[in-house]
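So the structure is just underneath, and the comments pick up after that.
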Ligand SMILES: *[C@@H]1O[C@H](CO)[C@@H](O)[C@H](O)[C@H]1NC(C)=O
Ligand SMILES: *[C@@H]1O[C@H](CO)[C@@H](O)[C@H](O)[C@H]1NC(C)=O
């Protein structure tokens with residue numbers, strides 16, 4: 001009943017459609033953000049004791065003390081341990097913790113894929129207040145002892161990153177409440193800032209049993225023009241200066257009807273930032289799972305006087321962007337990624353936090369979702385309609401209403417009487433089902449999950465140590481504590497087929513609301529003083545025996561999706577690749593799930609922001625990203641819907657979704673012309689599925705984003721630094737979706753002028769030499785996509801109802817020539833769903849063109865995947881002179897080939913080379 005009341009509230013609010021900012025803290029309302037932001041620099045000097053410096057293996061350690069610099073004599077305040085590690089692949093790690101904290105401080109647990117691998121670290125010099133160290137690549141670290149400053153130098157000896165340049169380093173020492181001075185009962189407790197032992201926000205009280213424990217560090221990026229990263233926000237891809245706004249906030253929150261162009265927190269928090277300029281790209285990864293605020297300050301825009309020297313000499317001010325990370329708890333733990341190309345920095349980050357596993361191929365195809373497809377009949381009709389209207393689709397989704405009154409791992413057996421048969425019907429047509437499973441557990445007597453969790457003590461505890469109760473979709477709810485390995489194991493086991501009847505290997509999982517969302521909690525989430533499991537250890541009791549939610553908040557969702565992935569793997573004994581979708585993100589999320597950008601709106605601005613949002617996530621490791629096609633709230637009219645499908649077809653995760661209160665909007669409910677355009681957009685996705693799949697395979701090898709900012713491949717070209725309505729797929733396709741209403745042309749930037757790059761419009765194969773911006777006419781059918789000259793893209797032109805039906809279909813290779821008349825590409829083929837590729841059951845081929853030949857060479861020698869696919873057509877765009885004849889050579893077989901040259905656009909089409917993709921081949925040209 002109460003759940004129903006809540007739904008009414010949602011409906012009422014959704015009529016005004018704007019975020020309720022009052023529900024979320026500003027920096028001023030967040031105790032530590034306000035405290036740290038108001039801290040005057042230089043008040044608390046940190047000094048490194050050079051005599052204590054030790055270098056052992058790849059690690060340098062030293063004692064750091066904070067001092068009170070007021071007056072003549074500096075009085076020691078507190079002792080810290082400083083640690084600098086050199087890691088493989090041009091990465092350093094800096095850690096600072098109290099030397100003897102009264103309680104252990106929390107260290108983030110799940111973000112790193114493994115213990116980072118060590119590089120060598122050489123001590124070059126230690127004298128006169130300076131220490132110089134060097135890694136195997138020739139990056140130097142210069143530490144100034146007093147006041148503490150750490151400079152990281154690139155291989156050429158230029159300072160690339162500076163830590164604590166502004167002396168904003170802070171690790172607030174832990175204190176015990178009510179400690180009387182010198183044990184004197186009558187002495188007054190040391191005066192402490194207001195809010196140290198408790199803070200209020202609206203009607204919520206946070207008890208803060210450990211007092212203040214915030215950490216902060218400033219980072220300077222000399223020579224940088226821009227900084228990027230730290231998703232998830234709705235801002236531009238290149239981050240803005242925050243001196244006159246709130247800092248960017250990272251605190252996983254269910255922000256109802258989030259607003260655009262905002263530094264406010266959203267569902268995800270990935271604390272990695274990149275700085276880029278023509279000289280280099282570097283990054284910092286702030287390894288902390290507590291609430292974090294990040295200030296960005298720009299020294300290039302003339303608002304900050306850079307240095308006295310420049311004032312005196314009158315020379316132009318050097319560029320620099322500064323950032324400052326402030327977290328509520330934890331330790332200072334920061335990775336410095338030395339780059340120096342953009343791709344290097346992106347790779348260094350995925351080396352630390354892992355790559356996305358190869359997804360099951362169907363998950364890169366088109367997904368149809370709605371809150372809710374109400375019953376079996378609804379799903380059956382939906383499925384019939386996709387076939388009737390000849391629109392390809394791989395997956396249908398069920399939102400929360402499929403359950404027995406929001407009890408997960410159950411079905412509403414009135415509406416879904418035969419879930420197993422429903423799934424079998426879909427599977428028979430090579431389609432899949434995804435069902436939602438959320439982390440809130442309905443507190444209902446008789447519900448097995450609630451009873452098990454209560455009996456075994458599996459729930460997160462409130463500040464008094466009792467099961468925490470919040471309010472979410474099911475009404476009164478509790479939340480499993482995944483930090484306890486027994487709970488994660490228990491939860492993973494719920495996914496076993498015997499525990500979740502109706503599911504099969506073709507049912508995959510959507511984890512929503514995992515920030516976690518708590519409707520009646522502070523800022524719609526769990527109170528910070530809730531208690532999480534900590535492994536029992538002798539001597540740890542009271543406050544030391546558990547972690548507070550405050551310490552772990554941003555990684556709660558990560559523990560959750562990890563348990564889900566474990567469960568999906570276990571149900572098939574590790575045979576089939578699972579697909580999981582998550583809303584909450586943290587560093588490392590890519591290892592477990594794809595991500596969508598949450599509850600957006602059917603408005604043009606939300607379509608536009610899907611590009612920078614996914615770009616930010618992609619460079620932060622999460623390439624498998626998409627936004628709700630059509631917009632979740634409100635109803636998209638035909639033009640917006642068409643443009644959204646066209647944009648979605650070129651984003652990694654391609655799913656239409658809508659709110660329960662909105663009008664139905666499946667493609668055939670629009671006029672015939674609109675439906676035709678939507679069908680065509682989806683068909684384009686299917687034609688390129690093997691290209692997408694190959695990109696995701698290559699991501700597992702090199703950690704590169706699949707969706708890339710232009711500057712990754714054109715790092716010198718300044719115009720690209722602020723372009724975030726275009727992007728690259730791999731290094732091959734440039735996409736500029738139309739995200740503006742009513743336009744008949746758009747401006748497209750084609751990078752690579754200096755290097756003579758040629759781009760080819762994929763619709764016409766028309767060559768367009770790179771020359772900055774040009775005007776592209778766009779009718780409603782046009783999706784501006786360009787293939788870079790010098791690349792080869794595989795396509796499948798026979799689009800079918802679902803992607804598995806296309807597995808053995810033939811390929812068309814699109815060869816786009818560069819100015820040297822060469823081109824390269826690659827193709828990955830496997831069974832699309834198992835792990836047998838790990839036993840060499842796959843094909844990975846490099847395709848290369850030069851004027852005398854086109855070569856398809858399988859590079860994994862013992863390839864044994866038995867594909868029946870063959871090459872049906874080769875299209876060579878940008879060919880100036882046509883060869884007289886062409887011959888296919890595969891094994892002992894030689895075949896003369898038919899060719900047609902299209903003079904108008906210099907395209908040569910070779911028909912039916914008919915070579916098998918299971919074996920290397922070559923086409924030789926004679927001129
Ligand atoms: C810094 O200022 C320069 C010059 O105004 C501007 O081009 C750049 O976009 C700014 N960068 C940031 C991070 O605000
Ligand atoms: C499965 O398909 C059969 C044949 O079309 C149909 O009769 C049956 O109702 C379907 N079952 C479900 C649960 O949709």
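Glycine is no exception: its Cβ is also placed from the backbone N, Cα and C atoms.
These numbers come from a predicted model, not from an experiment.
Quick look at what TrEMBL lists:
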{"type": "DOMAIN", "residues": "82-295", "note": "domain 'Glycoside hydrolase family 31 N-terminal'"}
{"type": "DOMAIN", "residues": "357-695", "note": "domain 'Glycoside hydrolase family 31 TIM barrel'"}
{"type": "DOMAIN", "residues": "703-793", "note": "domain 'Glycosyl hydrolase family 31 C-terminal'"}
{"type": "DOMAIN", "residues": "812-871", "note": "domain 'DUF5110'"}
{"type": "SIGNAL", "residues": "1-18", "note": "signal peptide"}
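With respect to Cβ pairs under 8 Å, the domain 'Glycoside hydrolase family 31 TIM barrel' (357-695) is most closely packed against 82-295, considering the stretches 82-295, 703-793, 812-871. Confidence annotation: the domain 'DUF5110' (812-871) carries a mean pLDDT of 95 in the model.
For the domain 'Glycosyl hydrolase family 31 C-terminal' (703-793), the number of residues in each DSSP class (helix H, G, I; strand E, B; coil) is 8 helix, 34 strand, 49 coil. Helix, strand and coil residue tallies for the domain 'DUF5110' (812-871), in that order: 4 helix, 29 strand, 27 coil [DSSP].
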